[in-house]
Amino acid sequence: MASYKFKTQNSFLLLLSISFFFLLLLNKVNSTGSLSFSFPKFAPNQPYLIFQRDALVTSTGVLQLTNVVNGVPSRKSLGRALYAAPFQIWDSTTGNVASFVTSFSFIIQAPNPATTADGLAFFLAPVDTQPLDLGGMLGIFKNGYFNKSNQIVAVEFDTFSNRHWDPTGRHMGINVNSIVSVKTVPWNWANGEVANVFISYEASTKSLTASLVYPSLETSFIIHAIVDVKDVLPEWVRFGFSATTGIDTGYVQTNDVLSWSFESNLPGGNSVASVKNAGLSTYAA
């Protein structure tokens, strides 16, 4: 497993390659088993999302996952936002698996940069998924150990190092059925800066890749793992974001998502709960 920190030129090449794959998927979205949506910003009382616990959309169109009171983040906060329509990640009849690309931008800001906690994650889970434990479990796990019944795949952006399962320092991680990541890379979190994230899953190679770019700082981070989603996830899933703040006093941060898009293709799929047949429409500002 190689991890990299890129400067300007390599950041551009990384984004170019991810964008190319994104465009390949766009060319396929008219096939039967496809799902596509874009939120350039969010709307208050957003009908296309399921909000859990503290998550809400602000009057300025920001998806605020964890609680903020008078401009100050709250401790012991947990919030999740899921796309409203279930998503067929694989087809039990054909055995085919969906490829997908998702991109989103977020800001994590902390009153005290030395005491951040706990993090934000993009995840896929069973359709009936509910918020789980606070703090280091990021709202998506009940305990820190591998359990195949969890049926969860996540990419985490972890701002607090839990000594029982995390590497030292802030990091990105890929999680499969456990808060103990199968892969991690160091992440130089930038307080209050916009982070652009690109996550792709290529079904033919079972390759899950995530990159994070800070345009203002000209730095990027990338992580990759082989994940067989057909072995890990149920045929139908929900997906979205989860975030938590710390348990202890002072260990807090904002967890704000600014925009989000998603494209997928399931070859030969014939029953995908797409935006249209879920009774929803793609939202645009």
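Note: Cβ is positioned from N, Cα and C throughout, glycine not excepted.
As recorded in Swiss-Prot, the features of this protein are as follows:
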- 1-31: signal peptide (SIGNAL)
- ASN147: N-linked glycosylation site (CARBOHYD)
- GLU156, ASP158, ASP166, HIS171: Mn(2+) binding site (BINDING)
- ASP158, ASN162, ASP166: Ca(2+) binding site (BINDING)
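Location within the structure of each feature annotated in Swiss-Prot.
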residue : record                      : Cβ contacts under 8 Å, 6 or more apart
ASN147  : N-linked glycosylation site : ASN177, SER178
GLU156  : Mn(2+) binding site         : GLY119, LEU120, ALA121, LEU138, MET172, GLY173, ILE174, ASN175, SER181
ASP158  : Mn(2+) binding site         : ASP118, GLY119, LEU138, ASP166, ARG170, HIS171, MET172, GLY173, TRP187
Out of these binding-site residues, ASN162, HIS171, which one has the fewest other C-beta atoms within 10 Å of its own C-beta?
ASN162
Could you tally the C-beta atoms, other than its own, that fall within 10 angstroms of the C-beta of ASP166 (Mn(2+) binding site)?
21
Using DSSP and collapsing to three states, where does ASN147 (N-linked glycosylation site) fall: helix, strand or coil?
coil
Starting from the Cβ centroid of ASP158, ASN162, ASP166, the recorded Ca(2+) site, name every other residue in that chain with its Cβ within 8 Å, sequence order please.
ASP118, GLY119, GLY136, PHE160, SER161, TRP165, PRO167, HIS171, GLY173, ILE179
